[in-house]
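Taken from TrEMBL as is:
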- 55-507: domain 'Major facilitator superfamily (MFS) profile' (DOMAIN)
- 1-20: region 'Disordered' (REGION)
- 50-78: transmembrane segment (TRANSMEM)
- 98-118: transmembrane segment (TRANSMEM)
- 125-143: transmembrane segment (TRANSMEM)
- 149-172: transmembrane segment (TRANSMEM)
- 184-207: transmembrane segment (TRANSMEM)
- 219-238: transmembrane segment (TRANSMEM)
- 319-337: transmembrane segment (TRANSMEM)
- 343-363: transmembrane segment (TRANSMEM)
- 370-392: transmembrane segment (TRANSMEM)
- 412-438: transmembrane segment (TRANSMEM)
- 450-471: transmembrane segment (TRANSMEM)
- 477-503: transmembrane segment (TRANSMEM)
Amino acid sequence: MATGYRSIPTEDGTYEDGGEERLTTFTEPLIGDDGDNGGKGPEDSDKVGLWIWLLTLSAGISGLLFGYDTASISAALLHLAPSLSTPEHAVTTWDKSLITSSTSLGALIGGLFAGLLADYMGRKGVIYVADVLFVAGAAWQALSNSVAAMVIGRAIVGLGVGVGSLIVPLYISELSPPSHRGRLVIINVLFITFGQLIAYALGIILSPPTLSQDASWRYMLGLGGLPAGLQAIIMIFMPETPRWLLQHSRRNEAAKVIAKVYGNLTAREVDQVITGIEAGVSADTSDTLTEKFKLLFSVGGNRRALTISCLLQGLQQACGFNSLMYFSATIFSMVGFRNPTATAMVIAGTNMAATAVAFNLIDRLGRRRILLLSIPGMAIGLLLCALAFYHLPMLAPDIAAAPNTTSITNPWSPFLILFMAFYVASYALGIGAIPWVVQSEFFPMRVRGLGTGMATATNWILNFIVGVSFLPAVELMYGGAAGLFVFYALVCVAGALAVWWMYPETKGLRMEEIEEVLREGWGSAAKRVD
């Protein structure tokens, strides 16, 4: 064990704590101001064990389902109207917005309660809950024959998306070594982008004339249940996280998990890792929900962690990105593309490629630096998209849903694709992935479930607002799509300023050390280790 002085900044910017610096005992060497380890603890090897990669890939199937279910609706919207219309009611733009946004509403509820369930059922148990919801929702959607039934099916899938979007980053974070935590969580985000790409590809393959218009969208949405069944089987062989086991006084089981996951540690080193985790884990699991809320809002460090996590999750949605995931095929139809789903695959492919780049950068450049470089790029991309929309004639959404046989003659059409790809690449490099890393690593164990639940709920509240408002806003807002994308760009500018002001760097720190960064003030202007 190593001993050193850690200075924690107070609200006025000084580095005193009760009049003197605190002596803190660490179970791994201290980390310098540049974010690199001066030495390495037993859990912070340059190499990680095979089991960690297997665990990450197994849990990441939920990310694939997340991406598939949020993107498959984009192609399905082009074909489902005749099947869900009745002689009394034809499917309208509002119906499509409601079908799309009901997933976000379900995810809001699922994400909020998943954090609480994770504290009591365990991280692994909640992954099973997500799988059941994915399978049930996929089957319900495939059998729907009305708008109301479809909304219910999408909401059930949304519950699964919300549960999975919270629990998988949390599961991976609690099993990962500090040096690889960011990259391993981003694998889950990479799975999300891969799921979106698969959804667009199947949207092309299953569309008429391959299948009838009625069968095509049913297969697109129903196939989402298959990976969930596979994951439920694989997770039987995966362990619970050692942090949850320690919180429930199951030290021997936690030690076995550490030994198996890391693979190359001696018994003494395993005990060293366990002791370090125990320093930040309370074995008191009797807190009521009211007590958890009180801890979350009354303790300054917890309150700051919640503020930053909710800020980043809210910005991830308020920047309008998921309007492209949900409506990209509709958008490209509205500006006259012959094969809008194939065109939308360019956006999904860019998203996946840029996320792969983020995987390589996050634990090298750090979270804060990537955000401050990528968010301004998003604003520029959105303004360029607005310029392209200004020069493109827009069809009404209902007209655009019909087969389009016109040729693309407007020279701004290829520029629109290019500008969108630039925006999406900037998004994927930073705000698309980092909020999921941050919310899993910022909260102390006693409030981690509730804190991550509230941050995830913030994400899905904004996701719902974007989903339900996008098509009506394009029709009614001054300037149409151009005006809306200018608004999204202004949101990005405000978000970049907020990140610069309050978001600290946390790369290389153990989850238990991150609590110290925010204990006495915003960590963005703080030296983590003196």
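Note: Cβ is positioned from N, Cα and C throughout, glycine not excepted.
The model shown is predicted, which means the values in this text are computed figures rather than measured ones.
Contact check: the transmembrane segment (219-238) against the transmembrane segment (50-78) gives at least three Cβ pairs closer than 8 Å, residues 6 or more apart, which meets the contact criterion. Contact between the transmembrane segment (50-78) and the transmembrane segment (184-207) holds: at least three of their C-beta pairs are under 8 Å, each pair 6 or more apart in sequence. It is 98-118 that, among the stretches 98-118, 184-207, 370-392, 412-438, 477-503, forms the most Cβ pairs under 8 Å with the transmembrane segment (149-172). Counting Cβ pairs under 8 Å to the transmembrane segment (477-503), the stretch among 98-118, 125-143, 370-392, 450-471 with the most such contacts is 370-392. Between the transmembrane segment (370-392) and the stretches 98-118, 184-207, 343-363, 412-438, Cβ pairs under 8 Å are most numerous for 412-438. Long-range neighbours of the transmembrane segment (98-118) within the same chain, counting only residues 6 or more positions beyond its ends whose Cβ lies under 8 Å from a Cβ of the stretch, are 69-70, 73, 77, 80, 125-126, 129-130, 133, 147, 150-152, 154-163, 165-167, 170, 244, 289, 326-327, 448-454, 456-457, 459-461, 463-464, 466-468.
Same-chain residues lying 6 or more positions outside the transmembrane segment (412-438) and placing a CB less than 8 Å from one of its CB atoms are 165, 169, 173, 181-182, 185-186, 188-189, 193, 308-309, 312-313, 315-316, 319, 321, 324, 335-337, 343, 346-347, 350-355, 357-358, 361-362, 367, 370-371, 373-375, 377-378, 380-382, 384-385, 387-389, 391-392, 455, 459, 495, 506. Taken as a whole, the domain 'Major facilitator superfamily (MFS) profile' (55-507) shows an average pLDDT of 86 in this prediction.
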